[in-house]
Amino acid sequence: MNSGDAAGSSSGGSGDAGAPRRASRKPKYSKFTQQELPACKPILTPKWVISVFLLVGVIFVPIGVASLLASNKVVEIVDRYDDACVPSNVTNKLAYIQNSTISKTCRRTLKVPKDMKQPIFVYYQLNNFYQNHRRYVKSRNDQQLRDASKANETTLCDPEKTRDGMAIVPCGLIAWSTFNDTYTFQHNTNNLSIDKTDISWKSDRDHKFGSDVFPKNFQKGPLIGGKTLNESIPLSEQEDLIVWMRTAALPTFRKLYGRIYVDLKENDTITVTLDNNYNTYSFDGKKSLVLSTSTWLGGKNDFLGLAYLTVGGLCFFLAFAFTLLYLIKPRKLGDNNYLSWNRNSAGH
Amino acid sequence: TKYSAVTFIPKSLFEQFRRVANIYFLVVACLSYTPIAPFRGATAVGPLVLVLLVTMVKEAIEDWRRKQQDIEVNNRKTKVFQDGAFRHTKWTKLRVGDVVKVEKDEFFPADLVLLSSSYDDAICYVETMNLDGETNLKLKQSLDVTSRLQDDDSFRGFGAVIRCEDPNANLYSFVGNIEIEEQQQQYPLSPQQLLLRDSKLRNTEYVYGVVVFTGHDTKVMQNATSAPSKRSKIEKKMDGAIYVLMSILVLISVIGSVVFGLATKHDLVDGRMKRWYLRPDNPDNIYDPNNPAVSAALHFFTAMILYGYFIPISLYVSIELVKLLQALFINSDIHMYHEESDTPAHARTSNLNEELGQVYTILTDKTGTLTCNSMEFIKCSIAGTAYGRGITEVEKAMAKRNGSPVISDFELGVEDFHQSEGRSAIKGFNFRDERVMDGNWVHQQHSGVIEMFFRLLAICHTCIPEVDEVTGKISYEAESPDEAAFVVAAHELGFTFYQRTQAGVYLHELDPSSGEQVDRFYKVLHVLEFSSARRRMSVIVKDEEGKTFIFSKGADSIMYERLSNSESTYSEATQKHINDYADAGLRTLVLAYRQLEEIEYAKFERKFTAAKNSVSADRDELIDEAADLIERDLILLGATAVEDKLQKGVPDCIDKLAKAGIKIWVLTGDKMETAINIGYACSLLRQGMKQITITLDTPDIIALEKGGDKGAINKASKVSVVQQINEGKKLINASGNESFALIIDGKSLTYALKDDTKAAFLDLAIACGSVICCRSSPKQKALVTRLVKTGTGKVTLAIGDGANDVGMIQEADIGVGISGAEGMQAVMASDVSIAQFRFLERLLLVHGHWCYSRISSMVCYFLYKNITFGVTLFLYESLSTFSGQTLYNDWSMSLYNVLFTSLPVIAMGVFDQDVSARFCLKYPMLYQEGPQNLLFRWSRLLGWMLHGVGSAVIIFFLTIASLKHQAFRKDGEVIDLSILGATAYTCVVWAVNMQMAITVNYFTLIQHICIWSGIFLWYVLSLYLATTTKINQTNSLTIFLTKLTIPLFLLPCRYLFLIIYGAITPSFSTTFFMVFSEALGGAPAYWVVTLLVAVAALIPYFTLAVVKTWFFPDYHNKIQWLQHAAKHADPEEELGVVLRQFSVRSTGVGVSARRDAKLVRTNSKVIHADSSSQSQATVELT
């Protein structure tokens, strides 16, 4: 335009003539600054949508089948014993379980429904037990558990901190309430040995529970919660405690009790002698003993397989439905009747 | 500067905590150190500190930049008179009353009163570029009494008292007087003596001045009011969404507290413990079965903290960051760079980016905005004869509009070109007429009048000539381009103005009698300056023969009132010419003069001087009154016509904007005719469009005005305006599909904007396709803008280039300044500045739309991801009797927002493009998504929120149902809290990031990196950290931070975290220790669950999205389809059809609308363009 012309009233001439022209402020061109980077712009075209659904279906259904098969391969024996192990003449179960003078040994007979290959995992299962209650989860002191020199470190351990002014090791509600039912197994009159080593996570044993930390003042109060610990065994070897201290996420949970390295045959009977010590009666919780094998996917749970099959099936259905829709009512490219503002502004 | 080193921290923190969300997070952080917190304190403080730090660093950098400027300014040195000599002193040390010496090309350190200069007549030239952006030099002159003080020594023993007004922001007024001690007499001071800080001394060796205002009292600083801070509509709505979330938060906290209270109460009934393992017999406040109400109340706070994840802590800072980057992209857009003026676009306030995508009304200035404000002298009418053969753009456009080819113009143009090749390069001059050029005017009939006419052009102005010493060429510094055009024209026509002194002007003239060039001197007695109120300027001069003349030029309406009644031989002819010129889109001025009698002049002189010397408030009025006295009974010489050229690409741009459904209002100070013609030229008006004209130039009103009864005029005017508005409305209601244009003049606007009529006026204006307000003052412009803004509730954009547009630019939701010729004031007040009007198209249609769609997607996504996360927490609570236990590890929770999910969303906010730039421009209709707010309506926001809830439910229940109490590994281990938490967390992060991958429209490498690399790294790092073991626990936090920051800076990592964090000492990571490397990594169940959950959580959205784009597509979806189709076939043919189907809209404005309208009127033969055919089309309602 005219600004290029030198003559006339432009002031540019006088001032800038001598001065060096300053650098151009022109933006640098690059694909980045111009927002022209190569990109893929996925659009939901019929082809793409249908193939995505098909692909998900094709992947999911086999996984579902495999999961379901795995789950079905697991043999699981669940025996609830909290009611059965209280003598029938006892009306106040709570008083019964709290009475430490009575022997609470109880005998259960389990029938193996199917062949069980070793290792067979022994769990106890508690129900309606809120190990995930915040007051409970918080009530421990990791430093004390790990480090012998920090034995007096009991912050957060309320209300199981000290006994007669002495720090409790391990302190806190979790340790105090460690599960204390015990099981012994007999398989056709032979004693079945339970391997109770390595039932906890290795990292817990190595890093969280000190091998030089020994229980002190534990379960010495008037109210005894659960298991008493042998004061001569370091915490890192008290595996029941370590297992228990990994708090469960949900109110129904299992914890590993031990392993049996014996194959069991279908219709074998197993006799369990158990000490029914743990109080679940006051909060209406159930106690069960679980024997289970495992597969690559872990224990018995059909849900995962079913969920996979459902989602896979849903995707197949959607793929089919969208194919149909596409065939019956193809998209009209140039139809702009949907545009709401055309309708709105039709007046003028 | 805003901050100093000491005040920075408290002040910027205070700024930060003005945001409700930040206060909330601060309270949370404080509470999290009390036992009621569900997680450790540091985890709540960390993210807050990070967010605050980022914002504060941003503030600090901005402030530091300002500070650098300040320091530089304050440490500049100037010479101050001290102890009898001038010494260098820093600017900061200047005090009022100091006498300073400023040398050539120096800036004035403060507002000074000019005492004397290196010139004998004590004039000096200043450049005011920093003040108003005008590059022309302004002439300042000191009072005669002080002009003798020409060397350093003369200030010894000099004393004077200056009395002046208080500091104020008015750059162009200064009232005061100076009393010299020796003389005991007062002399008035005027702006003519005031040298403003930040302007520069030019063409003068040195000046002496007295400091009158320093620092913040200076006029330029007084003007530097910070522009009103504007918040975008999206941000306001976003706050609304945050409040919704807050209420949900309170609601679920209450629910949780109630359930928790009940559960706690039941734990101890009559001394019987229920959940004995919680020791209800040994309670504390937080868990007290005896006092469940207190526990519930405390739990409420716990829950408020816990569910704080509903509130996206990083939303504000992310949005700020994103907008900053968006603004950088706007600044660096090469398509908005103007080569000629070397100006790129500049987004000055980045927080309005997305508002650019929602503009409903554009209010535009005309001069300098639509037109390029370079004036060309093109025609004139002298003594009733019209001269000048040039054809204007508007005439061409008009001819084109009427369908007649402009043959004559073409031929004439070619011929002209050859003839005038030598001087065609003269800026501001496009006048071709052999009758008066090259001295031929002496042979014309009214050569005396012509001579006077040219002389007036050469004298009556305030330009300053600059003679190039080498070439002898003269260039002019003028206050306005019209003036320059006049002087250039005079020069070309033989009346060369070559020197101005304090006393008068020097001219080379062509003497008609001798036919020779003679030099003449005219003593300038007074200059009665131009003002927008006076709309005229006059110069009183005495020629060499001692005759006194007044030369006046001004707007026709003003000047005609002031002509002598006796002289009217060619006033009618001139008036006709003026109308013709106005029709052709030209700016006209009427020129007149009168010879003054000595007595009359003396009388005026007295009165005028008295007025000038008064310090009272009505001084300006007095001056006007005096001027009024002498500017009458003038003798008409003729009229000039100057073309105001349209900027490049304006009609196309307006067409596009109109197609985008944006309403365009033109607010101009110009005459109605000029405005209408510009309207035609840029397609805002067209034939067949019904024009509703509201004006007060009706005979009744004029008659009343002559009567002079102000009350009656007001009343009648108002009645008339209301009546015209109502009639216009009726007309619109009566008609069907016709489009209307509303044209209203400034006088009527005064009444239309009154409180009781403005609603009706707005209704009418909205119903019209285009609106032109002419003769409007800056104030009216601002008022109209406010009316549109508040009346429609939609986003308004004001664009302008001059100081007169500042009001409307600040008033509008978005102000755009044209960084063009007229000055910097508009730019300084604006939010975005561009070099040319046509860039508005790209700014709005491309950047505006992108920013809008990005920000709205971003906010939606933020809500979604936080709700997803928060709801999983809530659902887990329900399984732990709302005890406040968190599902996830505390650090991983707090880093969710700031680390694991922030980068992809920022990448989306910066880079996403729903439609490419080319298609944005091709289908301007797309823009309507913004003004109609389709992408940020409540239904979409709530939809995303619901989607978040749905995803959370799916994620949570699938996870816990899959990983119940059974073993999850082959080795028989069972799930515990940390493992379930880590799995669910993985699922959430997967789902949320996959959701991002679906949402993004535009996958560049950056998006890929942000989304995918993180997922990969999460696993890699898990393994790396397994090797780290024991570290001293006391400084584990610092170690953690250093460990975390190193990979943080290297890579956008989320998953890194799992591993790093898992491996850091158990005391720090507590429940997270080695979870991944030991427990999860080797468990197929973990991977299988992750896959299931991530996919399942996305299926609902994906399905809905498919249904939506297939059957209920938004506009951008359709264009994406087109874009997609365009890649595969060669669809130009098909696209053309589609384009038209999409684009044609019934705004009835723009080139295409005109074309379409023409297609409809196939049978109506349009006749040659002249004013009569136009007025036929015009529906005159008056």
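Cβ coordinates are placed from backbone N, Cα and C, and glycine is handled just like the others.
These come from TrEMBL:
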type: ACT_SITE; residues: B:ASP365; note: active site, 4-aspartylphosphate intermediate
type: BINDING; residues: B:ASP365, B:LYS366, B:THR367, B:GLU483, B:PHE530, B:LYS553, B:ARG587, B:THR668, B:GLY669, B:ASP670, B:ARG775, B:LYS781, B:ASN804, B:ASP805; note: ATP binding site
type: BINDING; residues: B:ASP365, B:THR367, B:ASP801, B:ASP805; note: Mg(2+) binding site
type: DOMAIN; residues: B:1-44; note: domain 'P-type ATPase N-terminal'
type: DOMAIN; residues: B:74-140; note: domain 'P-type ATPase A'
type: DOMAIN; residues: B:827-1114; note: domain 'P-type ATPase C-terminal'
type: TRANSMEM; residues: B:20-36; note: transmembrane segment
type: TRANSMEM; residues: B:42-61; note: transmembrane segment
type: TRANSMEM; residues: B:240-263; note: transmembrane segment
type: TRANSMEM; residues: B:297-319; note: transmembrane segment
type: TRANSMEM; residues: B:894-911; note: transmembrane segment
type: TRANSMEM; residues: B:941-962; note: transmembrane segment
type: TRANSMEM; residues: B:974-993; note: transmembrane segment
type: TRANSMEM; residues: B:1005-1025; note: transmembrane segment
type: TRANSMEM; residues: B:1037-1064; note: transmembrane segment
type: TRANSMEM; residues: B:1084-1107; note: transmembrane segment
### Contact set, same chain, for the transmembrane segment (B:240-263): CB under 8 Å, 6 or more residues outside the stretch
20-21, 24, 292-293, 295-297, 299-300, 303-304, 307-308, 310-311, 315, 859, 863, 866-867, 870, 874, 877-878, 881-884, 941, 945
### Message
Suppose we draw a 10 Å sphere around the Cβ of B:ASP801 (Mg(2+) binding site). How many other Cβ atoms does it contain, all chains included?
### Response
33
#### Entry: Pairwise Cα distance for B:ASP805 (Mg(2+) binding site)/B:ASP365 (active site, 4-aspartylphosphate intermediate) [Å, integer]
7
### Message
Using a Cβ cut-off under 8 Å, which residues of the same chain at least 6 positions beyond either end of the transmembrane segment (B:894-911) come close to it?
### Response
39, 43-44, 46-47, 50-51, 309, 312-314, 318-319, 321-322, 325-326, 329, 854-855, 857-858, 861-862, 865-866, 869, 988-989, 992-993, 996, 999-1000, 1002, 1004, 1006-1007, 1010-1011, 1014, 1048, 1052-1054, 1057
#### Entry: Region pair the transmembrane segment (B:941-962) / the transmembrane segment (B:974-993), three or more CB pairs under 8 Å
yes
### Task
Test the contact criterion for the transmembrane segment (B:297-319) and the transmembrane segment (B:1084-1107): 3 or more CB pairs under 8 Å, pairs 6 or more apart in sequence, then answer yes or no.
no
### Summary
In this structure, the one of the binding-site residues B:THR367, B:PHE530, B:ARG775, B:ASN804 whose CB has the fewest other CB atoms within 10 Å is B:PHE530
### Query
Roughly how many Å separate the Cα of B:PHE530 (ATP binding site) from that of B:ASP801 (Mg(2+) binding site), to the nearest whole number?
20
### Query
Do any residues at least six apart in sequence from B:ASP365 (active site, 4-aspartylphosphate intermediate), in the same chain, have a Cβ closer than 8 Å to its Cβ, and if so which, in order?
B:VAL666, B:LEU667, B:THR668, B:LYS781, B:ILE799, B:GLY800, B:ASP801, B:GLY802, B:ASN804, B:ASP805, B:MET808
## Note on the structure
Filtered by Cβ under 8 Å and at least 6 apart in sequence, the residues in the chain of B:ARG587 (ATP binding site) near it are B:MET375, B:ASP482, B:ALA641, B:VAL642, B:GLU643, B:ASP644, B:ASP670, B:THR674
### Query
What is the Cβ neighbour count of B:ASP805 (Mg(2+) binding site) at a 10 Å cut-off, with all protein chains included?
34
### Query
Mind checking how the domain 'P-type ATPase A' (B:74-140) divides into helix, strand and coil residues in DSSP?
8 helix, 34 strand, 25 coil
### Message
Under DSSP, is B:ASP365 (active site, 4-aspartylphosphate intermediate) part of a helix or a strand, or is it coil?
### Response
strand
### Task
Looking at ATP and its recorded binding residues B:ASP365, B:LYS366, B:THR367, B:GLU483, B:PHE530, B:LYS553, B:ARG587, B:THR668, B:GLY669, B:ASP670, B:ARG775, B:LYS781, B:ASN804, B:ASP805, figure out the farthest C-alpha pair and report it in angstrom, whole number.
26
#### Entry: Coarse DSSP state, helix versus strand versus coil, of B:ASP805 (Mg(2+) binding site)
helix
### Local backbone state of B:ARG587 (ATP binding site), from DSSP in three classes
strand
